Amino acid sequence: MKQALHLQLKSFVNLPSFAVAPRRNLRVGTSISFRVRTMGSKDSKRLLSNSSLPVSLEDKKEKKLKGLVGTNSTSEKENGVKSSSVVFERFKEDPARIETMTVQELRATLRSVGVPAKGCKRDLVNALKCFAEKKIDGKTSLTVEEQASFSAENISVKCKDKDFSKEDCVEDVNTDLEVPGLPQHKGRVKKSATEGSINKFNTKRVTKKQNLSIRCDEGSGGMVLEAKRTVSSKIIHEVVNADKGVMPVIQTEPWTVLAHKKPQKGWIPYNPKTMRPPPLTRDTRYMKLMSWNVNGLRALLKLEGFSALQLSQREDFDVLCLQETKLQEKDVENIKQCLIDGYENSFWSCSVSKLGYSGTAIISRVKPLSVRYGLGISDHDSEGRLVMAEFDSFYLLSGYVPNSGDGLRRLSYRVTQWDPTLSNYMKELEKSKPVILTGDLNCAHEEIDIYNPAGNKRSAGFTDEERQSFGTNFLSRGFVDTFRRQHPGVVGYTYWGYRHGGRKNNRGWRLDYFLVSESIADRVYDSYILSDVGGSDHCPVGLVLKL
């Protein structure tokens, strides 16, 4: 038996050329094993062949790298090219050889050339045959389409070189962002760069489609993935410059992704970067109005990272209307001392029936002609829900409409008393000047104005009673929803609940409006939503009115 094995080895192995690396070159924990099959096995030649031995130091190294291609040593590259070429030349001479390979051998061979090795034996055989045919022709191309969901909060990328060269693995991704940020988990992504500094960056959960174009690089002895990056939705591309590398980072803008339970044909998400008109020239007379439910003004001003000065400089508004300030009358003077230079005119209405509740304000760099507080009816004016300022060409109302509350306990009061009274007050003002009502009106008027209409039929802000009252008391009486007129079929939200990551997922409501008299609707140049401004569960809305 020993003699038979000796003869078998002689017939299949060129002993003078078969050498084992010296012990000093072997790493700790590395072992070499030889498999000898009985005489007559079709696989014995291939398993013991020096040119196609599936178990080697470099193979193990490649398995550890899990698909990262290219090596640092020139001799290693040359050996890899030679081994790969001989293997596929043998496949060319005897294509049936692939059919006789075991699943483990098929996977080892596919992984050694950088091809995904997943699926049953038939899938592996077909993949290897396809790759072998194209390899023999002198080029290799492989298209892989995969749906992959990943969630990473702190992704560590190790890199050594300053720039990623052509020999590195470059991924071609066509990314369709379908779901903005979801609850995240920690994960790591490995790139084809060697050890070095670690860059950390945040990503959101996305669903992506990948098209990988792979070609054979004979010079590097491995596979090179080449690509361009295109993104279907509007995203911010940022480049992080590290000490030893440059890495692209994508941050999603959730509001640019259509989020709705029952989207209709033709609906699109609101994107202020692409849907707002260019700024008006200096020779055009206009006023820029902004409104914001701040959900507690003192808390907002203390919020780390928020800057009222930066917001005013960026938006350059003439008038800022606030709702839900939650101030008491004793707080107003201190707040006035903190106002930004140029906005000396401010008018505040605070709740007296329930302290630290509700509250509205108008802050302006244009001095109004007159100011009024409330509706003039004591039953409605104890919660500080309305401030009116008269300007040369219109009346401006900053309003905070009562919420129907838990269990809809205030629904009847809201639709039978508050809404009709406010509507009549506006029509009375309209007799002398056009009227603009802005603020948190606590109603998503249409299904397009709420992420989940079916699930909120009896939720405060989307009941049939509130929606009908909104139409009857305001829209049907000649007041125009400026955002909806300018953007029909556009999904834009102004409020997101804190629970369930509403803002990260863009699952919101449009509760904040600018309603204007029909007589000045044509002078509205822009009605917009500032979805990127945080600090509250609402975001600001704006109006540019030509004078």
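The backbone N, Cα and C atoms fix where each Cβ goes, glycine too.
Since this is a predicted model, take the numbers as computed values, not measurements.
Residues annotated as domain 'SAP' in TrEMBL: 98-132.
Look at TrEMBL and you will find Asn293, Glu324, Asp440, Asn442, Asp537, His538 tagged as Mg(2+) binding site.
Summarising the annotation, TrEMBL assigns active site to Tyr400. Residues within less than 8 Å, Cβ to Cβ, of Tyr400 (active site) and separated from it by at least 6 positions along the same chain comprise Asn293, Gln323, Glu324, Ser358, Gly359, Thr360, Arg385, Leu386, Gly439, Asp440, Asn442.
The active site, proton donor/acceptor feature in TrEMBL is assigned to Asp440.
According to TrEMBL, the feature site 'Transition state stabilizer' maps to Asn442.
All protein chains included, Asp512 (site 'Important for catalytic activity') registers 23 other Cβ atoms within 10 Å of its own Cβ. For Asp512, the entry in TrEMBL reads site 'Important for catalytic activity'.
Other Cβ atoms within 10 Å of the Cβ of His538 (Mg(2+) binding site) number 24 in total over all chains. The active site, proton acceptor annotation in TrEMBL covers His538.
Annotation source TrEMBL lists site 'Interaction with DNA substrate' at His538.
Of all the binding-site residues listed (Glu324, Asp440, Asp537), Asp440 sits in the most crowded Cβ setting, with the most other Cβ atoms within 10 Å. The separation of His538 (Mg(2+) binding site) from Asp512 (site 'Important for catalytic activity'), Cα to Cα, is 8 Å.
Of all the Cβ atoms in the protein chains shown, 25 others lie within 10 Å of the Cβ of Asn293 (Mg(2+) binding site).
Note on the domain 'SAP' (98-132): DSSP counts are 25 helix, 0 strand, 10 coil. Every protein chain shown contributes to the tally, and the Cβ of Asn442 (Mg(2+) binding site) ends up with 24 other Cβ atoms within 10 Å. Each residue in Asn295, Gln323, Tyr400, Tyr495, Leu511, Asp512, Ser536 lies on the same chain as Asn293, Glu324, Asp440, Asn442, Asp537, His538 and has a C-beta within 8 Å of the C-beta centroid of that Mg(2+) site, without being one of the site residues. Across the domain 'SAP' (98-132), the prediction's mean pLDDT works out to 81.
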